[in-house]
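Trainee: Okay, these came from TrEMBL:
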COMPBIAS  1-10  compositional bias 'Basic and acidic residues'
REGION    1-25  region 'Disordered'
TRANSMEM  77-98  transmembrane segment
TRANSMEM  160-178  transmembrane segment
TRANSMEM  190-207  transmembrane segment
TRANSMEM  236-255  transmembrane segment
TRANSMEM  276-299  transmembrane segment
TRANSMEM  341-362  transmembrane segment
TRANSMEM  389-409  transmembrane segment
TRANSMEM  429-447  transmembrane segment
TRANSMEM  454-474  transmembrane segment
TRANSMEM  486-507  transmembrane segment
Amino acid sequence: CLNQRDRSPQEPDFYSPVSPDPQEPVSTYFEEKVPIPDDDGTKLFSFRKLWAFTGPGFLMSIAYLDPGNIESDLQSGAIAGFKLLWVLLVSTIIGLLLQRLAARLGVVTGMHLAEVCHRHYPMVPRIILWLMVELAIIGSDMQEVIGCAIALNLLSVGRIPLWAGVLITIIDTFVFLFLDKYGLRKLEAFFGFLITIMALSFGYEYVRVAPDQAAVLKGMFVPYCSGCGPAQLEQAVGIVGAVIMPHNIYLHSALVKSRDINRANKKEVKEANKYYFIESSIALFISFLINVFVVAVFAEAFYGKTNMEVGQKCNETGSPHSKLFPANNETLEVDIYKGGVVLGCFFGPAALYIWAIGILAAGQSSTMTGTYSGQFVMEGFLNLRWSRFARVLLTRSIAIFPTLLVAVFEDVQHLTGMNDFLNVLQSMQLPFALIPILTFTSLTSLMNDFANGLVWKISGGLLILVVCAINMYFVVVDVTALNSTILYVFSALLSIAYLSFIIYLVWHCLIALGVSCLDCRGSVQYPPSVLVDEQPEFDS
């Protein structure tokens, strides 16, 4: 039922995919291909080759460091102390495995996930899938732009209002996005510079607060949460939604196309997969450390603190933001904005401004990669052939316009309070990236010798079940808090439509995994249209 290509024993077992459209103009980010240095083939590992492949993984890792993640980190530390660090570690490892699948799809097929979805799904499911991914991008972009606006507000001591910060972020994002005109490696170096700023900024906070190292290690490697209640459980679920982002799967599968790889040569493809995995591991390890810095700072300094304690401290230091904290004994609730304020109250103005610089770097870098995600997704699903400026303008407008509206009509506390809702929104879109990536990387007709083995198929399927269970938990928690019959009915209808589409994607996925009995009528076909008719030779 998979309509796999019949091959004789004499035919080679590896094919070279054609480009999605030979008439398509050169896509954003790919106006040049980074060459891979040659060697004699005897080395098991080459630092020169690793350096040549370094770049896409670090751009991908920025999604693990966006303001939404930072806010989830600081809330985790303030609410649960060090107890949820192991959840952050597990989520990052799961994210690495998913990014590995995304990179393999791009390397082996020469197409990114959105392009593959365009070829293999019927039109209506394809459009629905595109809309769901766009929702995730909009939610992520709102967090990123809000983070930049808040950072500018803190750095200017309130002189730059939020709406102005949003406009500044839009303008400088347009400027920075065209840096790749000066060379792809220069653009990747700029992203590396922003990651370095984040590491130094949040690393400074970590050294300044000096958390208990034993508690950090215990929280990281001992999966426990003694004394945790619903608030801590919801925070743990929120960490998963903040770390693993659906549009990042689409992004990474596209970024790996920037290296000059001969896909007709099986050895080169295998080598590219190896170095991309190593590079992604290094990049996500660095992002994990930065996230740990933030969790540990707020776990050490503010876990168990009350609003009254923080307010009194801010009054003593003469902070102009002391009114943010009501005079009660309720547990302190922090966000990106309040987080910078309390750091300034307890550890001096330098801590506040350095925190704001780190948030600005996180927001600016993730806004740029979010724009790339939007372009790749729109180009792939809709097969657009617009000019580069038109694509950037459209994808920016879709994501930025709702953020600008909110910034004009709401204050900073309402903006930061949207973070939980936006994390829920992105978590709800996760199946629309996980199911397709597992489906297509398991297809022998598409991936040939690089298709997923039995272990990857089983573990991937279990991961999807866990994610769907987490999503249902979010739905139950949020719907029960509505207290409105009309909203109950509306949520029920949306839930039915949501689950129905997931079931449809799972049905396709199970057929791809080999459960052919589910396709009794033979209506699901994965044509080998991505393969050229003439079989190229590859080096032995």
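Cβ from N, Cα, C; glycine included.
Bear in mind that TrEMBL entries carry predicted annotations, made automatically and left uncurated.
Set these features in their place in the structure for me.
Mentor: With a threshold of 8 Å between CB atoms, the same-chain residues lying at least 6 positions outside the transmembrane segment (77-98) that come near it are 64, 211-212, 215-216, 218-226, 228, 231-232, 235-236, 239-240, 243-244, 249, 280-281, 284, 287-288, 291-292, 294-300, 302-305, 331-334, 434, 437, 459, 463.
Counting residues 6+ beyond its ends, the transmembrane segment (190-207) has Cβ neighbours under 8 Å at 58-59, 61-62, 65, 176, 179, 286-287, 289-290, 293-294, 296-297, 343, 347, 351, 354-355, 357-358, 361-362, 364-365, 368-369 in the same chain.
Beyond the ends of the transmembrane segment (236-255), by six or more residues, the same chain brings 29, 55-57, 59-60, 63-64, 68-69, 71-72, 75-76, 80, 84, 87-88, 91-92, 94-95, 98-99, 101-103, 105-106, 112-114, 132-133, 136-137, 140, 225, 228, 280, 291, 369-370, 372-374, 376-377, 380, 420, 423-424, 426-427, 429-430, 432-434, 437, 467, 470, 473-474 to within a C-beta distance below 8 angstroms of the stretch.
Under 8 Å from some Cβ of the transmembrane segment (276-299) lie the Cβ atoms of residues 50, 53-58, 60-62, 64-65, 69-70, 73-78, 80-82, 84-85, 88-89, 92, 95-96, 99-100, 103, 107, 195, 198-199, 202-203, 205-206, 209, 211, 215-216, 219-220, 243, 252, 256, 334, 339, 343, all in the same chain and six or more residues away from its ends.
Proximity of distant same-chain residues to the transmembrane segment (341-362), defined by a Cβ-Cβ separation under 8 Å and at least 6 residues beyond the stretch ends, is recorded for 62, 65-67, 69-70, 144, 147-148, 150-152, 154-155, 194-195, 197-198, 200-202, 204-205, 208-209, 297, 301-302, 310, 313-314, 317, 319, 321-322, 324, 332, 334.
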Trainee: Who are the chain neighbours of the transmembrane segment (454-474) in space, where the CB to CB distance is under 8 Å and they lie at least 6 residues beyond its ends?
Mentor: 94, 97-98, 101, 237, 240-241, 244, 424, 427-428, 430-431, 434-435, 438, 441-442, 502, 506, 509, 513-514
